[in-house]
């Protein structure tokens with residue numbers, strides 16, 4: 001690759017796509033010809049790993065090249081591991097540098113079409129401190145939150161009954177505190193500052209509004225379509241969003257075809273509620289989920305066709321992936337609505353099991369990368385940041401730890417061994433698993449210190465709660481569960497000192513790596529604190545009259561870019 005080439009860059013990220021859902025990764029029941037075409041014309045990674053098994057922390061790591069614990073984009077609570085309210089005050093800190101910001105500074109036109117889910121506002125409704133336009137994107141068209149079942153009035157809300165119960169219990173407990181404090185104050189037993197009473201009363205009110213709004217306002221408040229800083233649909237028309245996003249992406253490519261551009265197309269597919277166009281309904285052999293996968297593949301094809309029509313294909317790096325593994329728990333009666341993770345154990349929300357973090361990884365750049373290559377080395381979504389920095393002709397900043405590695409030597413065939421020696425797999429703030437890729441051989445060891453408890457037992461998922469816990473209802477392993485992933489990728493045969501002579505030395509090496517890794521961590525504000533994640537009326541984006549927000553400006557505005 002010539003460093004002054006500055007290719008166009010198109011990043012395609014699916015939402016909750018299982019690595020086993022694509023034909024090029026072994027699926028024979030769903031048709032994905034366009035993604036398969038990318039794989040046959042490019043390089044396919046078979047051990048490509050998300051930095052987290054949940055969307056928000058995974059996307060934060062993807063954009064910054066850093067473990068999400070470094071930016072505070074992880075939760076210490078099982079209740080909130082991704083943002084549940086658009087009117088919260090947490091988000092990707094503005095002092096984090098995204099690859100979009102790097103490329104923007106190097107002359108690229110940058111656009112994000114689709115899902116964001118990394119926060120919106122800090123202190124007031126319109127400050128938009130976490131907005132994509134404050135993280136290096138010139139243009140944004142999409143959903144600042146995400147697509148949930150709540151966005152369809154006819155579907156069961158994803159704010160589950162157990163969450164509502166916890167919100168109600170918290171409301172009652174917090175409401176009792178100021179009441180109990182008023183008794184000694186008025187009885188003059190001892191003095192209680194009014195400020196303390198007010199704080200507890202305010203918290204009780206916020207928890208109450210979160211509980212109350214979960215019964216009817218979530219669609220109106222969370223399901224919003226924006227162009228740059230403007231709300232254009234509230235609530236969004238979920239059945240039309242995919243078509244609108246595709247139209248915007250094609251317009252972006254056409255507008256900037258004569259200058260280097262970065263287009264990050266962040267699909268709403270294949271997250272539940274699996275909304276597909278009529279022409280795709282019933283098309284696949286795998287029900288509603290398969291229909292949604294096939295519609296996503298069709299959209300990929302339209303983007304590739306646009307690059308071909310504009311004669312940009314040879315000068316464009318195209319990358320396809322997913323933010324995490326398939327979600328196993330969503331059900332419609334007895335029918336599973338989530339994806340398939342192939343031979344890999346576990347799924348979305350499970351900190352260390354392969355099924356939650358092993359994702360597709362496909363790169364196509366016809367003028368640079370050899371077609372049809374397959375790479376089995378451990379790689380990470382965090383690698384995109386340093387890779388794009390290299391491609392864009394820049395040098396990585398030295399003022400922070402970057403956990404990703406430049407993939408170009410591996411992709412071009414100039415290197416045969418991944419630069420990742422250790423990878424750390426977190427579940428929220430808790431380190432669950434460590435992966436060690438030995439420098440002198442192809443062996444990849446994986447040690448689980450914590451694993452989730454499946455319910456019902458033996459099902460391989462957490463159907464009782466909708467998603468597995470990071471702490472509390474988990475199993476701690478001492479010594480850890482050890483697997484040789486290079487020989488046992490399904491994690492079916494745990495090793496022990498009796499059947500693996502290197503067991504003790506491998507564990508010792510990993511524990512030394514954990515200590516070294518933890519020395520590189522510095523305290524940062526936690527974006528998933530209780531205060532940051534609860535709903536705040538003064539932060540709620542609203543087009544129209546609050547709280548009955550609503551508008552539809554989409555028909556009045558044509559696709560555009562700055």
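Backbone N, Cα and C atoms are what each Cβ position is placed from, and that goes for glycine too.
These figures come from a predicted structure and were not determined experimentally.
Per Swiss-Prot, Ca(2+) binding site is recorded for 15, 16, 55, 323, 324, and the stated evidence type is similarity to another entry. The feature 3-oxoalanine (Cys) is assigned by Swiss-Prot to 55. The annotation substrate binding site is assigned in Swiss-Prot to 115, 271, 348 on the grounds of similarity to another entry. What Swiss-Prot lists as active site is 117, and the listing cites similarity to another entry. Sequence annotations record features per position, and here Swiss-Prot assigns transmembrane segment to 167-187, 189-209 based on sequence analysis.
Here the features listed in Swiss-Prot are painted onto the structure.
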| residue | record | DSSP (3 states) |
| --- | --- | --- |
| 15 | Ca(2+) binding site | coil |
| 55 | Ca(2+) binding site | helix |
| 115 | substrate binding site | strand |
| 271 | substrate binding site | coil |
| 323 | Ca(2+) binding site | coil |
| 348 | substrate binding site | coil |
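When each of the recorded positions 117, 271 is scored by how many other Cβ atoms sit within 10 Å of its Cβ, 117 comes out lowest.
The substrate site is defined by 115, 271, 348, and by the 8 Å test on Cβ atoms against their centroid, the other residues of the chain that qualify are 15, 16, 55, 146, 147, 268, 270, 323, 324, 327. Using CA atoms as reference points, the recorded positions 117, 271, 348 were checked against residue 15 (Ca(2+) binding site), and the closest is 271. Here the binding-site residues are 115, 348; the one with the fewest Cβ atoms within 10 Å of its Cβ is 115.
The Ca(2+) site is defined by 15, 16, 55, 323, 324, and by the 8 Å test on Cβ atoms against their centroid, the other residues of the chain that qualify are 14, 17, 54, 58, 59, 271, 322, 327, 348. Residue environment of residue 323 (Ca(2+) binding site) contains 29 other Cβ atoms, counted within 10 Å of its Cβ in all protein chains. Listed in sequence order, 55, 270, 271, 272, 322, 323, 324, 325, 326, 327, 338, 339, 348 are the same-chain residues six or more apart from residue 16 (Ca(2+) binding site) with CB atoms under 8 A from its CB. Most buried of the binding-site residues 15, 55, 324, judged by other Cβ atoms within 10 Å, is 324.
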